[in-house]
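**Q** Not my notes, these are from Swiss-Prot:
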{"type": "REGION", "residues": "1-570", "note": "region 'N-terminal catalytic PFK domain 1'"}
{"type": "MOD_RES", "residues": "Ser43", "note": "phosphoserine"}
{"type": "MOD_RES", "residues": "Ser45", "note": "phosphoserine"}
{"type": "MOD_RES", "residues": "Ser85", "note": "phosphoserine"}
{"type": "MOD_RES", "residues": "Ser160", "note": "phosphoserine"}
{"type": "MOD_RES", "residues": "Ser163", "note": "phosphoserine"}
{"type": "MOD_RES", "residues": "Ser167", "note": "phosphoserine"}
{"type": "MOD_RES", "residues": "Ser171", "note": "phosphoserine"}
{"type": "MOD_RES", "residues": "Thr175", "note": "phosphothreonine"}
{"type": "BINDING", "residues": "Gly204, Arg267, Cys268, Gly297, Asp298, Gly299, Ser300", "note": "ATP binding site"}
{"type": "BINDING", "residues": "Asp298", "note": "Mg(2+) binding site"}
{"type": "BINDING", "residues": "Ser343, Ile344, Asp345, Arg380, Met387, Gly388, Arg389, Glu444, Arg472, His478, Val479, Gln480, Arg481", "note": "substrate binding site"}
{"type": "ACT_SITE", "residues": "Asp345", "note": "active site, proton acceptor"}
{"type": "REGION", "residues": "571-584", "note": "region 'Interdomain linker'"}
{"type": "REGION", "residues": "585-942", "note": "region 'C-terminal regulatory PFK domain 2'"}
{"type": "MOD_RES", "residues": "Ser600", "note": "phosphoserine"}
{"type": "MOD_RES", "residues": "Thr602", "note": "phosphothreonine"}
{"type": "BINDING", "residues": "Arg655, 712-716, Arg750, 757-759, Glu817, Arg843, 849-852, Arg918", "note": "beta-D-fructose 2,6-bisphosphate binding site"}
Amino acid sequence: MSGETVHGISCYSVVANTEDTYNQTLDFYQKLGFKKVASFGTSDSDNARVCNESLREDWMHVAGNNSAESVTIKFRLVPGELSLSPAAEDSEWRGQKSSLVFYYPNLLDLLKQLSADAIKYQAFPNEKKPDEVYVEDPLGNLIGFSDRYNPFAHANLKKSEESGAASNLESGLATPVVETLKKATTSDKPAGVKKKIAVMTSGGDSPGMNAVVRAVARIAIHRGCDAFAIYEGYEGLVQGGDMIKQLQWGDVRGWLAEGGTLIGTARCMAFRERPGRLRAAKNLISAGIDSIIVCGGDGSLTGADIFRSDWPGLVKELEDTKAITPEQAKLYRHLTIVGLVGSIDNDMSSTDVTIGAFSSLHRICEAVDSISSTAISHSRAFIVEVMGRHCGWLAVLAALATGADFVFIPERPAEVGKWQDELCNSLSSVRKLGKRKSIVIVAEGAIDSELNHISPEDIKNLLVERLHLDTRVTTLGHVQRGGIPCAYDRMLATLQGVDAVDAVLASTPDTPSPMIAINGNKINRKPLMEAVKLTHEVADAIEKKQFAHAMELRDPEFADYLHTWEGTTFIEDESHFVPKDERMRVAIIHVGAPAGGMNSATRAAVRYCLNRGHTPLAIDNGFSGFLRHDSIHELSWIDVDEWCIRGGSEIGTNRDTPDLDMGFTAFKFQQHKIDALIIIGGFEAFTALSQLESARVNYPSFRIPMAIIPATISNNVPGTEFSLGCDTCLNAVMEYCDTIKQSASASRRRVFVCEVQGGRSGYIATVGGLITGASAIYTPEDGISLDMLRKDIDHLKATFALEAGRNRAGQLILRNECASKVYTTEVIGNIISEEAHKRFSARTAVPGHVQQGGNPTPMDRARAARLAMRAIRFFETCRANDLGNDPSSAVVIGIRGTGVSFSSVADVENNETEIEMRRPKNAWWRDMHNLVNILAGKTFAD
């Protein structure tokens, strides 16, 4: 050979044959200070610098003072390649294998770090004054460290310092490994050493816990941290070892659709004692973990905060007993705790709802809906016991959603000696109207006003003896914990899991342990122990018979739902009637496409009208039915009895608006003496109300209180954050996508492009993508471009290459029906198939009107009843104050945060609406789009 000589090292490459060893190797070199600078997959096979056989490549670099002193290592994942045998421990490693030797000026610091990470090493000539140190990386490659920058030098760094030659070398000439480990003695974390965040589930399991673990793991990795799972709750924390495992990106694939907790939960008496917590602290420090995200109930979160308060003393004791080194004690002197509330009872104060509560409510309503058919068949009474030792949330919401006849809860106990008569009178009165079934919901903690327990058997015996009813008791028990998480719990768990990681990274030693809560539809952080204290106050208030205070400690929605159930359940009591001159004829009309909750709202409006002395009128088949066929009739109590559980529209609906014939519409209003109008529907209903309000100037019969209750699966009505039917639609889309994703996973290498409805609003596509784990979503707000498709296809190529045919490897793309006129669902599917080059396949799926759902979800039923009752109250206020012609008497009744809002339709139309696009100007859910991309691994892969 002749010519130019070698000037330096361009790069060094290592090859792994399994993904586990590949990831372990990346982690090993990152601890040494190497930074990832490039990532490649099979889609980059045309890049000459990438090995054609590589399924994955990551290039890592460490910078020196100039390019010749820098080091680049190419890591390659090539299945089937032979692995190196480990060196014999009883011999000198550097004589058995070739080695790559890095310069490092302070080998004593290095030995301390290797010991802390439990990495085996050999030091020469000895550990007290080493000149060279050797370790094996996870692939079996021998890596050396020397404090001689020049291998031909006879003097090491310490001797060179005497001659002034060390000033440049100590700054890290060849590698930032020097700076990385040298800073360990002056900061909480060595530079280049990742923060390690552990997640654990504790206490009773609840649906949505797996979504928490998935979100925490992926967001932690995305934020540059290492994610760990602590298996079997506090028991795993005390045992340590294999109970604490690192989570890789792919380990949590498919977890969104799983119920319970896949990392386990168990009771642990040992953790309640200091010796148990001491072992737990040792296990965490050994694993390098100083942050824990705990998902559980108030007991689990209390235990976590006690652990944090004990931490400094535990670390000192471990240091004093030499169980850990002084360096470890300094490095892990603080513990960060973040709490997430996983509880089906929804019994935690300071948050509107807990993870798992709505899924449990789904199970209860499914059971009661099923029981109803057999109860009607045999004219039976059923006593259904639900969970809730100190909280009646499940019982109240279940009673409201299923139309139960009576409910017993701990916060509002039945009056001792009187509840028996109240129950019997209530059930017998509806039986006289022709009702064939009786449903009584009982919380397991139900009591009377003297704190005597009320059991289902007590109620059964009463009904049998007094009313001679064929009565059965059904205890749902752990059925309430089972099943897949519902759409809301998946969304809530994901959003709170994301914020929990951010809370860890923002935490300081002086910050109180936060609890991630949701208040007013926003994720918030609350002081953990304050929330626990308020939760315990509820039980204390009940014990002290301070029942009003116990109700005050619950969230405002709870009391509102209880009042709604009372107002729509008990038979007309004339003592609650308004004065005769204030009684109204209230018309109810459905406008637009069917949506879950329309019938529930109608039922609640009818029953509350009757309870207040008003006359409810149903307009059949929308405005066209009203104008062409004079389709209007009164509704009675029993007419709407089963409507709360029915989907669709019992009185018929279409998209016609009153501008078909505004004058004739006004005549019909006058003819039937309509005093108030409830319009239940979507954007067409919003348009109809706007038209009627604008026509008041010409038609006096429209000068009455009017309101729209938004009901559309698209959730595109301005003036509210949620429309009735959107939760039912999300659950229908979720179940559909879970099914096709299962098919895609079975085929291993398949992606489904699923078209969802929503009009020009991307709500269903965006939130649907979040709760189903979609790889990509396309919405009208963002449109579709060729570059967008190219990036998503490249991402799919890389994903399928990395998954290498493993289970749960199916991919999903959600496309809104109006996202693009050019890039249709079929076109996108064909483009993906063509670009895949048979590495994977693409199929399209269009659920169509299946998305409207069957029976409405409990959330839509409860919201519908609440809004309908508030509408009647609003009409009464307008009537009493003679506001019929005031713009404020034509309103959109919506949900903003946890409260019910009344917004003038004129103001909403002028300030909050994109009329041409038929959607609100500001959508609270838009930020979720970026989160979908992150959790799909796009930003991570980049």
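Placement of Cβ uses the backbone N, Cα and C atoms for every residue, glycine included.
Looking at the shown structure, can you explain where the listed features end up?
**A** Sequence-distant neighbours of Ser85 (phosphoserine) (same chain, six or more apart, CB under 8 Å from its CB) are Gly140, listed in sequence order.
All chains included, 23 other C-beta atoms sit within 10 angstroms of the C-beta of Gly297 (ATP binding site).
For Asp298 (ATP binding site), the count of additional Cβ atoms within 10 Å of its Cβ stands at 24 [all protein chains shown]. Mapped onto three states, the DSSP output places Asp298 (ATP binding site) in helix.
Around the Cβ of Asp345 (substrate binding site), the same chain contributes Gly297, Thr354, Ala357, Met387, Gly388, Arg389, His390, Cys391, Trp393, Leu394, each under 8 angstroms and 6 or more positions distant in sequence.
In the predicted model, the region 'Interdomain linker' (571-584) shows an average pLDDT of 87.
Same-chain residues at least 6 positions away in sequence with a Cβ under 8 Å from that of Ser600 (phosphoserine) are, in sequence order, Trp643, Cys644, Ile645, Leu724, Pro856, Asp860, Arg861, Ala864, Ala865, Ala868.
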**Q** Where's the emptiest Cβ shell within 10 Å among the recorded positions Ser300, Ser343, Thr602?
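**A** Across Ser300, Ser343, Thr602, these recorded positions, the one with fewest Cβ atoms within 10 Å is Ser300.
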**Q** Which has the fewest other Cβ atoms within 10 Å: Gly204, Gly299, Gly759, the binding-site residues listed?
**A** Gly299
**Q** What's the number of neighbouring CB atoms sitting within 10 A of the CB on Met387 (substrate binding site)?
**A** 25
**Q** Please report how many Å separate the Cα atom of Val479 (substrate binding site) from that of Ser714 (beta-D-fructose 2,6-bisphosphate binding site), as a whole number.
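**A** Computed Cα spacing between Val479 (substrate binding site) and Ser714 (beta-D-fructose 2,6-bisphosphate binding site) is 32 Å.
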**Q** Within 10 Å of the Cβ of His849 (beta-D-fructose 2,6-bisphosphate binding site), how many other Cβ atoms are there?
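**A** Its Cβ has 11 other Cβ atoms within 10 Å.
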**Q** Where among the binding-site residues Arg267, Arg481, Arg655, Arg750 do you find the Cβ with the fewest other Cβ atoms within 10 Å?
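**A** Among the binding-site residues Arg267, Arg481, Arg655, Arg750, the lowest count of other Cβ atoms within 10 Å belongs to Arg267.
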**Q** How does the region 'Interdomain linker' (571-584) divide up by DSSP, counting helix, then strand, then coil residues?
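**A** Summed by class, the stretch gives 6 helix, 0 strand, 8 coil.
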**Q** Could you check which of these recorded positions, Ser343, Thr602, Arg655, Ser714, His849, sit within 10 Å of Gly204 (ATP binding site), going Cα to Cα?
**A** Ser343
